[in-house]
Amino acid sequence: MLMLRLGVVRGGRGLLELQRVSHLHRSAHTAPNLEYKPIKKVLVANRGEIAIRVFRACTELGIRTVAVYSEQDKGQMHRQKADEAYLIGKGLLPVAAYLHIPDIIKVAKANNVDAIHPGYGFLSERSDFAQACMDADVRFIGPTPEVVRKMGDKVEARTIAIQAGVPVVPGTDAPIDSMKDAQEFAKTYGFPIIFKAAYGGGGRGMRVVRQFEELEENYQRAYSEALSAFGNGALFVEKFIEKPRHIEVQILGDKYGNVIHLYERDCSIQRRHQKVVEIAPAAHLDPHLRDRLTSDSVNLAKKVGYENAGTVEFLVDKSGKHYFIEVNSRLQVEHTVTEEITDVDLVHAQLRVCEGRSLTELGLKQDNIRINGYAIQCRVTTEDPARGFQPDTGRLEVFRSGEGMGIRLDSASAFPGAVISPHYDSLLVKVIASGKDLPTAAAKMNRALAEFRVRGVKTNIPFLQNVMNTDQFLYSTVDTQFIDENPDLFNLKPVQNRAQKLLHYLGHVMVNGPTTPIPVKAKPSSIDPVVPMVPLGEPPVGFRDVLLKEGPEGFARAVRAHKGLLLMDTTFRDAHQSLLATRVRTHDLKKIAPFVAHNFSNLYSLENWGGATFDVAMRFLWECPWRRLQELRALLPNVPFQMLLRGANAVGYTNYPDNAVFKFCEVAKENGMDIFRVFDSLNYMPNMLLGMEAAGAAGGVVEAAISYTGDVSDPMRQKYSLEYYLKLADELVKAGTHILAIKDMAGLLKPEASRQLIGALRDRFPEMPIHVHTHDTAGAGVAAMLACAEAGADVVDVAVDSMAGMTSQPSMGAVVACTMGTELKTGISLERVFDYSEYWEVTRGLYAPFDCTATMKSGNADVYENEIPGGQYTNLHFQAHSMGLGNKFKEVKKAYTEANKLLGDLIKVTPSSKIVGDLAQFMVQNSLTRAQVEEQAEELSFPLSVVEFLQGHIGIPYGGFPEPFRSKVLKSLPRLEGRPGASLPPMDFEALEKQLKQMLGDEVSPEDLMSAAMYPKVFQEFKEFTSNFGPVDCLNTRLFLDGPKIAEEFEVEIERGKILHIKALALGDLTKAGQREVFFELNGQLRSVLVKDTQAMKEMHFHPKALKDVRGQVGTPMPGKVVEMKVKEGQQVEKGQPLCVLSAMKMETVVNSPISGTVAKIYANTDSSLELDDLILEIKE
């Protein structure tokens, strides 16, 4: 078989064979007045991948190549792939440069170019360009100017088709002149109709109109797009055929009147009338229909004397009738799939036909053209399917392509560092897969797409993968509505992009410093902790095994029956909350967790969740608190977990609807939580009962905790007397608590008070397990806990030695040592405690910027006077130093005491302790005494927390609100009666889930739902952070806080078996855009990221961004230029009303108003170039 071969070598035959065939046939050719004229130099009047495709074909045929490029394309690859390259269109707009015929002809003439290949798009279907080439004595690689004119004029092409007996769609006979013509056509044929550019294709200037109200807007948009893309805005109108297949036939003609077809392609998978996926041949196509399509195509081409490559396009309706659409008198984007199934190099053929060779000389006879298998082309574009395929622009930080058997790639500037411009088409690379049948080709395509790694811009790869996996695509037929009718195609698998996001994070820290607020100027230690040896195998049986087997009641009985003292370890939560501002990361907890599981299996529980750790994890550590719980549960299967539940406040600082508290406990239990220590900051029983019910309903162990204050051993302080605590305990036991707890959050329990309180509780409730929690601020914690144990407590709280003392819990080692050899022995090895402590001693050094010892060198017994809770004591100390009041901390503590008295002597624990602290700082800052505050209460502007407390927002304090202080402060403000949350309507979780899906763009887990319910703003910021930087919990703590040093090498395990080898190389200078380029080596490859220098940007002016949570701020949905502003400041607008028109990558998008209101301010003008999310205007409702 005589046939042009693809590439240079295919089965050992190639260019030499072509030359042999041409010599055999040239002498036999008898056509008059034609001669063979070899082409020595070709200029490609185009850019990107098609320019490179032609250059490669020329090189294979020994032809020299010339590129032209615009000012914006100086860095593009096509100019580097040519033998010569010349600038055109200097000073012109980006697209206009490639439409500037005089410059192109000038370059061709000045550099002895024999022929010009137009590629596709731009000037490829402009007859005046073809004529200009001929006039300059430069060959045009395509049809004659007259044929280009006839085929480019869609109306004349229709007329010729009718004359050739080819069926056509009803449409106008000539380009329409006005809107009136369009209206008349619509009245005659009805809707839907479609506008089409008269002088170009590719979906530009194409708009479907389904109703009269849309007619004018779509006419204007189609005209504008056509004018921009083809230099002529002329349109014609056709009746729009619903749900057709889009089938096109590849034709090839020579100068001697010979025309052949190379079978058809199915281009039905489209969006915005632009092809996304192309297949050759068309699957499940009736052979008789194929014959009619190919025959009509050849006849039409012969009718006009067509030469060179071209495509005849048809619509095929549901009944199998076909209608001519147009002829594309050029090479098509999708020519590749035809080459793969026919083994014909179309660009080679174009060049040889232009030289004067016949199809017969080239071995291209119709009988020799055969279909071999299937080929699929996917256009990988820099578009975001999740945002309506909006073009994305930016810098390619990473580019790695899919390759292998059966894969062909046609690309241009797809390489790391390439800049994707908004000025041109969004095509990044064409991926062509070949196989024996369609499923085989699709499998290869799927594999290749999965191998791609494109970072820095969004791509449509996840969408294309979904197409490849759709049964309709693989085993049935598709039509032009395929994308619209398959919404599951938009269930996109998120691109993880973990490595590059981590580099962004590290670069951000290197440029801008830590992402979490740093209380003191101290650097994390450079020494990493060493984890003690952990034995192989499963950890020993622990109390959690009892809980899982016996349930909460059986667990409580086992605790009470246990001989010896049980310990709860607070190292994983309250200890670091008190000493290290709650900043300990999951990374460091996970490392030591297996050691704890194997060596401390007889712990009553491990406190590791709830309280402040929940919001701090998201707010400052950029971690998911639920993931912490899940991962620790997997590593510690044998020790019960305990969390702090703030009664009706769950893990927040405000009131939540009852169903939110119940749902929270349910999800926490499902994720591995066991014991819920339920408390209320005022010991307000209605709030506590709600929390207890929620924890019990979830199946958890209910541990009702009485918050302790005062001193039961002091007969002079009797507001919170022994009787007060016993009555509270009576109510909690009646309510069904499994465990009774005393929560001494300030460390006020003295040994004598411990004996009295715990002794009385043990006498009153002999079968009830008792658990005591305290802080060691005064230094008497160990003595107090031993006294509690001797009085009958079953469990006391401790922290490992290096994380104990001061505002934390008493020392584990001290309690273990002091009870050795007694009936209270803990059964814990002191040697293992030392190992455990050594790990945390080194780990604590990593958190030096948060360590309370930076400002506080010891505990202080004055806590018995001021009653400041442990964690708050640390925070107030930090705050006082940061505000320059370090030398006045004594005054702050005194003010705290006075503020407490002003508010009626409260139980002080979050959030009531914060209220007292806010009032104390208010007094210090304003130099107010208690008497002055009382006297001026009606005139002062108190902190909001104080006002809301007096209104009743957190409940009713024991003894009632302080009067007349409350009335003076509140004046006419409303007061809440009873339990604050009781009046709140149930939380609408369905509505919240819908809102989160819109925000996150993916499935919403129950855990995400609860995080958003508890802390909506914090959760949103956390998700935005992870979207930009990914999960950063795989970084060690020093890198997380301080970033790497230049030339430092380190490893990061992003998942089991996947380790990144990273080296920090250099930090670039500040750019005009306020950015610095940070260079890394990742797995041996150079990577770089651009990081905004936040400090430098404060001194530079940049366009403001639209805030996503402000309804009236309208931002750009994609980068682009404003081509039309449709509103003015002060104008009233309705929801959905067009505000402006943006143009990007030759596609125009109308930005509509999200709300009704008044245009308050406009931030952009016509011709403004905007980036993604730049603020366009503000609307006031």
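Cβ coordinates come from backbone N, Cα and C, glycine included.
Curation does not apply to TrEMBL; its annotations are automatic.
For reference, TrEMBL has these:
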DOMAIN    38-488  domain 'Biotin carboxylation'
BINDING   Lys154, Glu238, His273  ATP binding site
DOMAIN    158-355  domain 'ATP-grasp'
ACT_SITE  Arg330  active site
DOMAIN    565-834  domain 'Pyruvate carboxyltransferase'
BINDING   Asp574, Lys743, His773, His775  Mn(2+) binding site
MOD_RES   Lys743  N6-carboxylysine
DOMAIN    1111-1180  domain 'Lipoyl-binding'
MOD_RES   Lys1146  N6-biotinyllysine
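Feature annotations (TrEMBL) mapped to structure.
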| residue | record | Cβ contacts under 8 Å, 6 or more apart |
| --- | --- | --- |
| Lys154 | ATP binding site | Pro175, Lys196, Ala198, Phe236, Glu326 |
| Glu238 | ATP binding site | Val169, Pro170, Gly171, Thr172, Ile193, Ile194, Lys196 |
| Arg330 | active site | Pro118, Gly119, Tyr120, Ser124, Glu125, Gly142, Ala309, Gly310, Thr311 |
| Asp574 | Mn(2+) binding site | Glu607, Gly611, Leu644, His773, Asp797, Ala799, Ser808, Gln809, Gly870, Gly871 |
| Lys743 | Mn(2+) binding site | Arg677, Phe679, Ala705, Ile706, Ser707, Tyr708, His773, Val909 |
| His775 | Mn(2+) binding site | Ser578, Asp744, Met745, Ala746, Gly747, Gly781, Thr807, Ser808, Gln809, Pro869, Gly870 |
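Minimal Cβ crowding within 10 Å, among the binding-site residues His273, His773, is found at His273.
Those same-chain residues not listed among Lys154, Glu238, His273 yet with C-beta within 8 angstroms of the centroid of the ATP site C-beta atoms are Gly171, Ile194, Phe195, Lys196, Ala197, Met206, Phe236, Ile325, Glu326. Helix, strand and coil residue tallies for the domain 'Lipoyl-binding' (1111-1180), in that order: 0 helix, 39 strand, 31 coil [DSSP]. If you average pLDDT over the domain 'Pyruvate carboxyltransferase' (565-834) in this model, you get 95. Those same-chain residues not listed among Asp574, Lys743, His773, His775 yet with C-beta within 8 angstroms of the centroid of the Mn(2+) site C-beta atoms are Thr570, Asp744, Met745, Thr774, Asp797, Gln809, Gly870.
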